[in-house]
Amino acid sequence: MGQAATQPSTNWHLKENARDHRTSKFSSKELIVRRGQAFTVTFNGTGQPEQNLTFIAETGPKPSKLAKTQATFGISSTMSTESWSAILQSTSSNSVSISISSPPNAVIGRYKLSVQTTSSGSSSPAILGTFVLLFNPWSSGDDVFLPNTAECEEYVLEEFGIIFAGTKNHINSFGWNFGQFQGDILNICLSMLDRSLNYRQDPATDVSHRNDPKYLGRVLSAMVNANDDQGVLLGNWSGNYEGGKSPSSWTGSGEILQNWKKSGFKPVRYGQCWVFAAVLTTVLRCLGIPTRTITNFSSAHDADGNLRVDEFYDASGNHLDRSADSIWNFHVWNESWFSRSDLGPSYSGWQVLDATPQEESGGIYQCGPASRNAIKEGDVDLDYDCPFVFAEVNADCMYWNYEATTGKKTLMFSKSTVIGQFISTKAVGRDDRVDVTTDYKYEEGSTKERDVFKKARKKLGLEDKFDPTAPTPQEIDQKPDISGRFKVAGPLEVGKDLSLILVLENLQSDAKTVHVNMTAWSTVYTRRPVHEIRKDSISATLSPKEEIQLPIKILYTEYQQQLTTDNMIQVTALCHVEGGIQVLVQRDITLDNPAIDIQVLGEAKVNKEVDVEVIFTNPIDMELMNCVLQVQGNDLLRGILEIDVPPVKASEKSSTKFKLIPSETGRKHLLVNFSCDKFADIKTFKMVNVTD
């Protein structure tokens, strides 16, 4: 090797390139561009004619042409769409300006760019510097190409999101700050890739696959959870979050990703499904893959892969933990947009990825990409994890009564229309909910939907096998003598008593005596019971065709200590009809936190202070202690503002003021999270329109 050449001074034209490549929101001093699109670089002349220049772009620990992690190219007259190329833009006695273009399927990541002069023979290439290459949904040659510009803006460039939660009877929502362009997030996303199991096992091969969104989506779905690989977030569904932060207290991904890095990449405590999904959204949007969060209500977790979910109850109506299957009140996952060359064009488009560690896939807690079209059509034999996702939105439910003394289980009833309801995502460009259920399945109960279900079972080889959990014919034929439902008879708010009515109706023309065992438990959103709140039994005789209403009141003082941060209560009534079959009546209830109000006092203008007031009224007759207000909002304030609020006396109003200095015009969102000893994580957001 000869002498290393002196480092030329390089002008990366950061502002112009970032504008052209839609990367201006990154706060980096490094050039960030998208693949399949040209960018300009100027460097001081080498004293050689331009045609003697050769450029080398390389990424990863062992760059090689074969692995497509290294490219050498000279100056040509036209841009290539197939390979790396450079075109001369201008030249002067001491500088050269060139336009460089990468192929639309280039490996993404951090590249080193060098230049070599052919005539100098032995001299080493001169390093021009580094740049980061991302996916390009605006380029028609890219696997992630999304033709709709408004959707590109939302699913790649939007830093604010809305996540839906609650139950199918009562959908609520909260804001989230994805913050994919904040400070160090891009570097953290790139280091996530370098910490994956795939990279540790074979770095060169792993990097060579980073041109493929399906590969990266799958790797990142594993890296966002801490299982297997010391990934970003440790899951916890116990209702006890000591030693970390309660999952419901997070309001954005930035803090989580930065904490992960600051701690030396130790898993951040704690996450639940929406936190995993929100962080995965941040990482994929950051890298340029269009991504959104999806909430499925009454979401099945089918642990044994038979597309059925078994639920067990004892004679008192307690929900038993006898099956690995479960039905979550809601579950949040991701959809990312890219083409599926491995499956064919009809399976391209939205792909389901899920970073919540539920079941292993290929021996690792990862899930997807499962083509949404494949799910809708029951093509569950396709990669990746289609049976699991299919069951989440369309499993059948079996409700069993279990007697612990004898081990006998009796099927009470089965339902095929419970699972997968109100599948929701945020609207493009608006703060509204959009229902995408029909993109996952044909209309529930329709012949087409049942045919797809049968097709899915057949593809999994389930249609002929003897199934010990399948009901016997006489179990199916038995018809209940009574029907029941829970009716809500008052406000569903934390701090208020809960009033319900159990409505029972005799369907027969002779009198029926019913013994009702009722339980109420606080649960986490996965419907895992945490604390018993109430146990009751009542008996009643119903005249022929009679309907009766049994009022049930659960006092705030009864449930206050037992509630989890999810504010969820499950009430169950197991009705034993003399001489007939049992009837199970149940309802999952979400209690709303009291409202919180944000007022922007004046006009929001760039670089001008504006006052904001947050008002909260204590709805209960106890003083609220340990009150803390957390505020964040991109382009409105830096980092997270944390304000200690004085105790709020019974029924009193609390007002907290702070200042914003907006840094950019447009629609910005301010997120507020208020917590105290009686209410956990009351969240709200406000859209602030910032003008010049």
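Here the Cβ of each residue, glycine as well, is placed from N, Cα and C on the backbone.
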- If TrEMBL is the reference, give me the range from 1-26, 27-52, 339-364 marked as region 'Disordered'. 1-26
- Task: Measuring CB to CB from Asn394 (Ca(2+) binding site), give everything in the same chain under 8 Å that is also at least six residues away in sequence.
- Result: Ala300, Leu307, Ile419, Gly420, Tyr440, Lys441, Glu449, Val452, Phe453, Ala456
- Query: From the centroid of the CB atoms of Asn394, Asp396, Glu444, Glu449, the recorded Ca(2+) site, which same-chain residues not already listed sit within 8 A by their CB, in sequence order?
  - Reply: Ala395, Ser416, Thr417, Ile419, Gly420, Lys441, Gly445, Arg450, Phe453
- Note on the structure: Whole-number Å distance separating the Cα atoms of His331 (active site) and Asp354 (active site) is 10
- Note on the structure: His331 (active site) has its Cβ surrounded, within 10 angstroms, by a count of other Cβ atoms equal to 27
- Item | For Cys273 (active site), the number of other Cβ atoms found within 10 Å of its own Cβ | 28
- Message: Whole-number answer please: how many Å between the C-alpha atoms of Asp396 (Ca(2+) binding site) and Asp354 (active site)?
- Response: 21
- Message: From the DSSP assignment alone, can you count helix, strand and coil residues within the compositional bias 'Basic and acidic residues' (13-26)?
- Response: 7 helix, 0 strand, 7 coil
- Message: Measuring Cα to Cα, how many Å separate Glu444 (Ca(2+) binding site) from Cys273 (active site)?
- Response: 25
- For the recorded positions Asp354, Glu449, which Cβ has the most other Cβ atoms within 10 Å, all shown protein chains included? Asp354
